[in-house]
């Protein structure tokens, strides 16, 4: 006790002598300080559209925007995740200097051909936005609503102008009007001397940090008058700049911008993303209600499992222990009668080993990702960080897939070691790469910025073949070297005849039981799908972790119940049943993805490449969900069956 007190006292003394220091939040984005007059480069991330059409992003300069001098045509260094997401961060020619307010600055004024005007018109009619950023802060539009300010990321290229037709004034048609004037409103915060690091505080000049980047667009046809720029006041809009692609001469379009700097003393650099990540209270309340509903489902299922364990299995043990003669034991019916066949290797044992190994790998990746999300690692400020980390996690955990697959295959007494080793390395990983290669080909034909170049494709191929596959083989080597645990009951030389107990095949029960894990994640899956396919930020990591935990519990309990029911009918074919009883939930995920697609309001305007991308990745997600939930259910049932048969007396 005295030693603990002394250690605690020393810890307090050590803490008192520690100096205060600056710290950055976990994603690793270092803050940057700017002096007055220092240039603030404006980068164009990409062109995107909300909803499914947005799954085809394009480069900013895929449209004939004005380009600056050749030395300015550069882009920031991109990580692997940013490249795969189609982000490019190309430098624009907007000239902005810290604390320098500007009015009526010409971005460019040039003549566009009819074909170039048509490109602008097509993107405007399809609802495309421009993603701009300054100091890693995305451009947002602020709209005042009765419920408070509403913030949306991105700047629209233009709008659909409603014009009555000449034939009938009551009938309207839509024409594109381009937003050729932007009002930049940059919020800054003065860096205090205590918070500026020694390296950045050199000099006597004040330093400032960007904490917000708001943009208000406007369409104005008469900005350039007699060679002079005028009429840039946002409160004095003029005639809108309507595009006319049918004009063979083309059009002259003048792009301009204003710059306004506003000091925000309340918003600091560390919390500058908070206004963009405000959680809707109605959505939070909905999540809480559905979480309680999921808990109710889990408690009901847990009660059923407890009844099986407490009343059935325990009473079976007691009754079985009271049987004295061998004839009485032989006459006893139920799950105990299959003790000589319950551990008989399943059909297609190689495939089951591969599925469980790959599913275990996926489960570990999801657990690690969710754990780091709770710590705040996957901040939106770290662009592409989540996808890059997922790829690295996949490579590093390949050893686990090989290990589990080989261990199970050895337990089954399998001989085709090469099939299992290579299968665990190529089954799901090969599916992912083949899907990605096909989708990338489609995106290349469509001209999307999401299509990666050959060098990036080669980099991914090397990560798979040069790192992931060798780690998988090494894991399989370790798995085959492990000393196997003996089964509690020996296996009879000849298989036992399985009595007919139901006209409904067990696979039907497996399919129906998968509905329970799906119900647990149904509503959370909707939010995830919206965030994934409609480019909304998903920031409710706590709810997602809670639902994932409930999903794992549901998979375990469903698999235990169905495995026990199968064994109680003297059917020893529980291996695949335990896998598919929970793994079939992946089929419901795919069906939900189909309904989610059909519920899209812009279904008729979707690009064919968007449809292809959606269904390819939905199939891949469903496959991964099946492997993850199936492996969890299988491993739980495997432990359960070992435990209950360990107490069976075998003479």
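Keep in mind that glycine also has a Cβ here, set from the backbone N, Cα and C atoms.
Taken straight from TrEMBL:
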type: SIGNAL; residues: 1-23; note: signal peptide
type: TRANSMEM; residues: 290-310; note: transmembrane segment
type: TRANSMEM; residues: 351-378; note: transmembrane segment
type: TRANSMEM; residues: 384-408; note: transmembrane segment
type: TRANSMEM; residues: 420-443; note: transmembrane segment
type: TRANSMEM; residues: 455-478; note: transmembrane segment
type: TRANSMEM; residues: 508-529; note: transmembrane segment
type: TRANSMEM; residues: 541-567; note: transmembrane segment
type: TRANSMEM; residues: 579-599; note: transmembrane segment
type: TRANSMEM; residues: 611-636; note: transmembrane segment
Suppose I define contact as three or more CB-CB distances under 8 A, residues 6 or more apart in sequence; do the transmembrane segment (579-599) and the transmembrane segment (508-529) meet it?
yes
For the transmembrane segment (351-378), name the stretch out of 290-310, 455-478, 541-567, 611-636 with the most CB-CB pairs under 8 Å.
611-636
Contact between the transmembrane segment (420-443) and the transmembrane segment (508-529) is defined here as three or more C-beta pairs under 8 Å separated by at least 6 residues; is that satisfied?
no
Check the transmembrane segment (384-408) against the transmembrane segment (611-636) for contact, please; criterion is three or more CB pairs under 8 Å, pairs 6 or more apart in sequence.
no
Please work out which recorded stretch in 290-310, 420-443, 455-478, 611-636 has the most C-beta pairs separated by under 8 angstroms from the transmembrane segment (541-567)?
290-310
Distant-in-sequence neighbours of the transmembrane segment (290-310), which means Cβ under 8 A and at least six residues beyond its ends
516, 519-521, 523-524, 543, 546-547, 550, 553-554, 557-558, 560-561, 564
